[in-house]
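These notes concern the structure reproduced below.
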Amino acid sequence: MADPLDHCPDPAQMDPAQADARIRALREQLVHWAHQYHVLDAPSVPDAEYDRAFQALQALEAAHPALITPDSPTRRVQGAVLQGLTPVRHALPMLSIQTETDTGAGGAQAFDARVRRELGLTDADPAIEYVVEPKFDGLAMGLRYENRRLVQAATRGDGEIGEDVTHNIRTIRQIPLGLPDDAPALLEVRGEVYMRRADFDALNQRQRAQSGKTFVNPRNAAAGAVRQLDANITAQRPLRFFAYGLGAVTAPGEGGPAWRTHYALLQTLKSWGFPVAEQVGIAHGASQLAALHEQIGARRDALPYDIDGVVYKVNALQLQRDLGFKTREPRWAVAHKYPAQEMPTRVEGIELQVGRTGKLTPVARLAPVFVGGVTVTNATLHNLFEIRKKQVRVGDTVTVRRAGDVIPEVVGVLPGQRSAYVANFRMPAHCPVCGSAVVREKGEANHRCTGGLFCAAQRKEALLHFAARRALDIEGLGDKLVDQLVDAELVRGLPDLYRLDLVALSALDRMAEKSAQNLLDALEKSRQTTLPRFLFGLGLRHVGEATAKDLARHFGTLDAIMNASVEQLLQVSDIGPVVAQSLHCFFQQPHNREVVAQLRACGLRWPEGAPPERPAQRLAGKSVVLTGTLPTLGRDAARDLLEAAGAKVTGSVSKKTSYLIAGAEAGSKLAKARELGIPVLDEAGMLALLAGE
């Protein structure tokens with residue numbers, strides 16, 4: 001490549017055509033050098049040479065500002081500090097993947113058996129081909145390119161709505177700002193933002209030298225850097241990126257790529273300048289999956305970054321389409337984790353934590369021990385039965401691990417280490433916080449405080465849950481402020497939050513008038529919410545974000561949910577008898593209804609609509625399978641229509657299948673249905689069937 005700096009005249013003396021040609025050449029050279037340095041780890045020029053070209057480009061763009069484009073290397077850090085992160089709805093949901101609980105070879109065998117069963121394969125059919133990738137311990141990210149330029153980067157968030165962090169992601173030099181001409185007009189690349197261990201250690205050293213905040217582990221450091229409001233701070237953090245998949249992309253029929261395998265897709269992303277992990281491999285069948293899991297695990301500590309397992313993906317994209325998705329996870333992928341790292345330490349005490357629902361959780365206070373990249377001082381003991389099973393006592397030397405490499409827990413007591421007799425731990429008869437009676441319901445392992453919102457601990461946890469980002473998202477309402485509000489008896493229940501005023505808040509410790517006003521503004525903003533967020537924020541037992549969305553989608557209004565019978569609740573997707581009974585009991589309690597009424601009276605509101613009309617149960621008792629791509633309906637929409645008509649939608653074809661609904665690129669399921677003589681319908685035929693035609 002010719003040196004674009006040769007015979008470089010004064011930028012101000014160049015006409016627009018000359019400047020444009022020189023700018024294009026410099027950008028091409030800088031992008032090439034940056035790819036060699038940041039992606040390939042193979043720099044080809046000294047830093048001084050890169051800096052000289054970069055400064056020349058800056059001078060040219062300053063002299064000819066009309067020629068500046070968003071994908072220029074000089075545009076990686078730009079703009080003022082943001083006031084907040086903007087929510088972004090993903091064009092396609094960023095779903096999580098299922099985790100195999102068996103960390104040995106059985107995990108690979110279970111996944112392979114499940115995939116074969118879903119596809120209707122027998123032992124006589126050939127082994128399935130899989131791609132095996134490292135499971136990075138970082139932050140999931142979606143990069144959206146339009147007309148081959150990076151226009152948006154968003155975090156996963158709750159899978160449907162993330163946060164726009166484009167200003168920060170542009171600072172990561174491994175991520176291309178522009179793509180080659182053979183890339184499609186629309187491309188959303190999904191991957192992981194992470195930090196190498198050596199870079200993390202160096203960052204903490206710099207922070208300590210500057211008396212700054214140090215970080216617990218590389219993942220937390222990366223996540224915090226990505227969510228900065230000031231991109232200049234993010235630019236100083238050594239963030240990196242690995243690509244591992246796609247979201248929205250131009251369809252093959254509209255000029256987009258037509259990949260046949262996931263592995264081919266990864267190689268294309270690599271050719272477009274995206275970093276792809278070197279440890280990606282191909283496996284055929286369960287035995288090869290288990291072998292790669294073991295091989296990568298053996299090299300785990302030698303890798304420059306943290307992984308907590310591997311991810312298996314069915315390689316053939318047509319088979320991925322055939323397998324489809326469960327409610328929140330793809331059927332064609334799974335995470336197979338490694339056994340957690342373990343270390344010995346001493347139990348210095350056992351204390352009780354009272355949770356939002358009154359659950360009393362014993363927590364072991366430990367002599368500090370470094371496990372899996374963090375210093376651990378506390379570990380959960382779960383419940384009294386777990387303590388008795390493991391025979392944990394104060395003073396014991398125990399083995400501690402980070403379960404899933406995240407949550408510390410006590411594995412067991414090291415034999416022969418108990419120095420003297422210590423009494424067994426006993427669960428108290430009364431709550432250590434409020435003095436209310438402690439009970440254990442029949443069939444449950446957990447003890448609970450009966451104090452309800454009378455218990456300050458439960459009240460505090462309920463307020464924090466209500467204010468959480470994925471609930472009412474009340475910015476500034478953290479644990480220290482909640483402690484003050486409850487201890488000062490300014491807030492006894494959720495509605496009291498909306499009765500706070502500037503005078504009362506300003507009188508609190510470390511609460512200046514500006515901070516108080518900011519909280520009042522956040523409370524005002526939270527009054528406009530959504531029904532799923534409100535339901536989740538109430539902290540109902542067994543009701544997480546996904547169940548809250550299912551309830552809102554099914555019933556449409558809060559009143560319909562509150563007045564639903566157990567039988568009506570059981571009709572909601574993924575709700576079983578325990579959850580239905582718990583929900584019904586909650587809304588039958590006058591106190592809970594009064595809390596909801598007061599919150600509404602305080603101005604909380606959300607869009608509501610009547611639940612969707614359900615077609616007659618024309619397909620009651622029928623088993624239906626979906627395969628391929630339908631012309632107008634998405635897979636979930638088609639499933640909803642069929643289930644609303646009483647059908648059971650399954651993932652595999654068998655003799656019990658009543659109908660196969662087949663779209664474009666239908667694969668093995670279509671062949672199996674024809675072999676068994678099962679009626680095959682297209683989308684129009686399905687709609688006609690639902691209409692009773």
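Counting starts with 1 at the first residue shown.
Here the Cβ of each residue, glycine as well, is placed from N, Cα and C on the backbone.
As the structure is a computational prediction, the values presented were derived from the model and not from experiment.
Under DSSP, LYS135 (active site, N6-AMP-lysine intermediate) is assigned to a strand (E or B) in the three-state scheme. What Swiss-Prot records for LYS135 is active site, N6-AMP-lysine intermediate, and it gives sequence analysis as the kind of evidence.
GLU49 (NAD(+) binding site): 15 other CB atoms within 10 A of its CB, across all protein chains. Among the features that Swiss-Prot reports, NAD(+) binding site is placed at ASP47, ALA48, GLU49, TYR50, ASP51, SER96, ILE97, GLU133, ARG156, GLU192, LYS313, LYS337, with the record citing sequence analysis.
If you take the C-beta of CYS455 (Zn(2+) binding site) and look for same-chain residues 6 or more apart in sequence within under 8 angstroms, you find VAL354, GLY358, CYS431, VAL433, CYS434, SER436, CYS449. Per Swiss-Prot, the feature Zn(2+) binding site maps to CYS431, CYS434, CYS449, CYS455.
Across the domain 'BRCT' (614-693), mean pLDDT in this model comes to 82. What Swiss-Prot records for 614-693 is domain 'BRCT', and it gives sequence analysis as the kind of evidence.
Residue pair LYS313 (NAD(+) binding site) / LYS135 (active site, N6-AMP-lysine intermediate) shows a Cα separation of 12 Å. Taking the centre of the Cβ atoms of CYS431, CYS434, CYS449, CYS455 as the Zn(2+) site, the nearby residues of that chain (Cβ within 8 Å, site residues left out) are VAL354, GLY358, HIS430, PRO432, VAL433, GLY435, SER436, VAL438, THR450, GLY451, PHE454, ALA456, ALA457, GLN458.
Broken down by DSSP into helix, strand and coil, the domain 'BRCT' (614-693) contains 28 helix, 16 strand, 36 coil. If you measure from the Cα atom of LYS135 (active site, N6-AMP-lysine intermediate) to that of GLU49 (NAD(+) binding site), you get 36 Å.
GLU49 (NAD(+) binding site) carries a helical DSSP state (H, G or I).
Long-range Cβ proximity for ILE97 (NAD(+) binding site), meaning a same-chain Cβ under 8 A and a gap of 6 or more residues, is found for VAL311, GLU329, PRO330, ALA333, VAL334, ALA335. Neighbour counts of Cβ atoms within 10 Å were taken for the binding-site residues ARG156, LYS313; the minimum is at ARG156. Neighbour counts of Cβ atoms within 10 Å were compared across the binding-site residues CYS431, CYS449; the minimum falls on CYS431.
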